[in-house]
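Chemist: What follows is a structure written as structure tokens; I'll ask about it next.
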Amino acid sequence: MKIILLGAPGAGKGTQAQFIMNKFGIPQISTGDMFRAAIKEGTELGKQAKALMDEGKLVPDELTVALVKDRIAQPDCANGFLLDGFPRTIPQADALKDSGVKIDLVLEFDVADEVIVERMSGRRVHQPSGRTYHVVYNPPKVEGKDDVTGEDLIIRQDDKPETVLERLAIYHKQTKPLIAYYTAEAEAGNTRYERLDGTKPVEEVSAELAKILG
């Protein structure tokens, strides 16, 4: 099963990705991890990517797709894979298609912006341990304090409302057009497209996913 996950940051993709990986025994492929691994291993593609990144330049789509193709040719992807964070744009989706990679299923996690802002801006973190809380969904016993150590909790920069809104703006501009792209691909019979309501409780979304995935 070759799957693409679509959805804004904070839409719950990460949680459900774990569920799919455990159910099917397929790896999650993140382009960030791939670049880091290729650079660390010193592969030819890794060297090219590093040279561009060191100059502060964006890695071109052809190079990213070449890395993806390299990665999905590895033995652990024999039964499929889960692409998260790629493709991000229509040119990347076209490049993936042109390179002959067939996607079986595209999953969209649909969550309204205001819900995402509430979800992410309510997160609190105990930095030394990495323990996370949420002021609404998973509050600490004492407001602003870690349950175990009693130390202060912080709001990460990424979770501040203004940062969340910036990330959402980029998502809507760059990635949302992919929803129309893959809906059209599904109508043409090239893939399957399923939309999930990401505002439902995690267990309900997982149960829906289990049905979709059969």
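Including glycine, each Cβ sits where the backbone N, Cα and C put it.
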Chemist: Given that Swiss-Prot annotates GLY10, ALA11, GLY12, LYS13, GLY14, THR15, ARG123, THR132, TYR133 as binding ATP, state which candidate in LYS69, LYS200 belongs to that site as well.
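Modeler: Site partner of GLY10, ALA11, GLY12, LYS13, GLY14, THR15, ARG123, THR132, TYR133 for ATP, according to Swiss-Prot: LYS200.
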Chemist: Considering only the binding-site residues PHE86, ARG88, ARG156, which residue has the minimal Cα-Cα separation from ARG123 (ATP binding site)?
Modeler: ARG156
Chemist: Translate the DSSP assignment of LYS57 (AMP binding site) into the three-state scheme.
Modeler: coil
Chemist: Going by Cα-Cα distance, pick out whichever of the binding-site residues LYS57, VAL59, PHE86 is nearest to GLY14 (ATP binding site).
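Modeler: Looking at Cα distances from GLY14 (ATP binding site), the smallest one goes to PHE86.
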Chemist: Among all chains shown, work out which of the binding-site residues LYS57, ARG88, ARG123, ARG156 has the most CB atoms within 10 A of its CB.
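Modeler: Of the binding-site residues LYS57, ARG88, ARG123, ARG156, the most buried by Cβ count within 10 Å is ARG123.
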Chemist: Among GLY10, GLY12, GLY14, all listed as binding-site residues, which has the most CB atoms within 10 Å of its CB?
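Modeler: Buried the deepest by this measure is GLY10.
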Chemist: Taking helix as H, G and I and strand as E and B in DSSP, count the residues of the region 'LID' (122-159) in helix, strand and coil.
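Modeler: Going through the region 'LID' (122-159) residue by residue, I get 3 helix, 12 strand, 23 coil.
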